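> Supplied in structure tokens, the structure appears directly below.
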Amino acid sequence: MTPSNRAFIKENHKFLELLWIIVYAGFWISVFFKHMRGLLYVAGFLGIFLLFFYRKSIFIWSKSFINVAIILLLFLASLLPGIFLSPFPWASVDAYCLNYFFHVVLFFLLIARFSLVSSSGFSLWPIPFMLLLVAFFHYVLMAYEGCFYNFVCWLQAGMSLMEASWLKGLVSTSSAFTFTFFLFGGLSLKLCRHRKILMIGSFLSLFFLFWFARRAAILGLFVGLVMAGLLCPSRKIFRTTLIMTCLLGMVLAGLLAYPLARKTLLLRGDKIDLILSGSREDLARSGSLGMRLYIWPLYLKEASKRIFKGTGLGRRVQKRVLSDLNRRALNLEHAHNLFLNMWLQAGLFPVFLFVIFYGLTLKRALWWLKNSGDPLAVGMLAFLLAFLLMSFFEGMEEMTRFTPFWMASGIVWGYAAPESSLLSR
């Protein structure tokens, strides 16, 4: 970075810091709260404005990782035909901005923050932690009003509260990210007091995971923690990862041993006997997992006809164009698979580029882990692995469902930035 640019940023530090807080908080509030489309636009456009001041840091990073920068630019460009060829172009423009463009802006902003501020990795936690506390007390009070001291009611309340609340309950973003971020980010902190605060955040996230029965996220976390722990060179962090994996396993074992919890939180109406019957017709009435297994071949067949041209970007556009298919697909409205949804909306080429970017990010997370042994590296690697598994069961490409992936990617590549003061940790 040139001395003049660094001097300008130093002179306007307070203004740029305020802009960053507004942008970062805007994304997180949109993650937690419903009906925040307008706020996400404000955060996105302010992020573009802020990125202009940090352009030198991004340029230096892009020169060092030119392949990643090109992949991202090609990815954004490959999505543009999904706007131009869409039967509902304005809806597709909306989806392009909210689902992809603003998230790439956030990705580059995180990289710039790591280049400029030595404590960036650890100053990211207060805003999501405060929002997580708000969500926790809100849901607990709602459950208490309806259940009082009825344990069975409390056990069943999680799924019903998600629809009745003005909070998203971390379903869209998945508590998997906040769990790994708070847990392993806390282990990276030097102050014991801050560590304890972040430990609280990680256990609240774990509570949400089980209470809202996020089965794909739990399974993804379990796999991600095991793999990240095995790859970690630090024995201390390996032991911590092993303990958390065992904790997840014990909670799962406890739920499996209790019939009502097993049915409410793990099976959730899935009929295992029908899923294993081998009859495709039985899948349609075997619960959410069976329904996904039933609809995926239908959507895959449709996607094979749309190699180069999709329906147009956006879940709303996809729903309208494929209305007949949606009726045959049990009225689930979309494929409940990130890669299939992206393919259906924009063709196969953006999916190909996204998979390459994901692979490069995963490789960089491994490099960070092996070269630093940083606890946060374990957390981000575990989340990225969990995200991949979750993406096969849910359409994570829609709005703030995608936010955690881009945050994790920004943190991973931010540590790899040439000017990052944290690189030598």
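From the backbone N, Cα and C atoms, a Cβ is placed for every residue, glycine too.
Quick paste from TrEMBL:
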- 15-33: transmembrane segment (TRANSMEM)
- 39-54: transmembrane segment (TRANSMEM)
- 66-88: transmembrane segment (TRANSMEM)
- 100-117: transmembrane segment (TRANSMEM)
- 124-144: transmembrane segment (TRANSMEM)
- 164-184: transmembrane segment (TRANSMEM)
- 196-212: transmembrane segment (TRANSMEM)
- 201-355: domain 'O-antigen ligase-related' (DOMAIN)
- 218-234: transmembrane segment (TRANSMEM)
- 241-261: transmembrane segment (TRANSMEM)
- 342-362: transmembrane segment (TRANSMEM)
- 374-393: transmembrane segment (TRANSMEM)
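Help me picture these features in the structure, burial and contacts included.
Beyond the transmembrane segment (39-54), the same-chain residues lying 6 or more positions past its ends with a Cβ under 8 Å from any Cβ of the stretch are 8-9, 12, 16, 19-20, 22-27, 29-30, 97-98, 101-102, 105-106, 108-109, 112, 115-116, 399-400.
Remote same-chain partners of the transmembrane segment (66-88), defined as residues 6 or more beyond its termini with a Cβ less than 8 Å from a stretch Cβ, comprise 96, 100-101, 104, 107, 309-314, 316-317, 320-321, 345-347, 349-350, 353-354, 356-357, 360, 413.
Non-local neighbours of the transmembrane segment (218-234) in the same chain are 176, 179-180, 209-210, 241-242, 244-245, 248-249, 252, 366, 369-370, 373, 375, 377-379, 381-390; each lies 6+ residues outside the stretch with a CB under 8 Å from one of its CB atoms.
Counting only same-chain residues 6+ beyond the ends of the transmembrane segment (241-261), those with a CB under 8 A from a CB of the stretch are 152, 155, 183, 206, 210, 218, 221-222, 225-226, 228-229, 232, 378, 382.
Under 8 Å from some Cβ of the transmembrane segment (374-393) lie the Cβ atoms of residues 121, 174, 176-177, 180-181, 183-185, 187-188, 216-217, 219-221, 223-225, 227-229, 231-232, 234, 237, 240-241, 292, 336-339, 358, 361-362, 365-366, 368, 404-405, 408-409, 411-412, 415, 425, all in the same chain and six or more residues away from its ends.
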> Ranking 100-117, 196-212, 342-362 by the number of C-beta pairs under 8 Å to the transmembrane segment (124-144), which range is first?
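It is 196-212 that shares the most Cβ pairs under 8 Å with the transmembrane segment (124-144).
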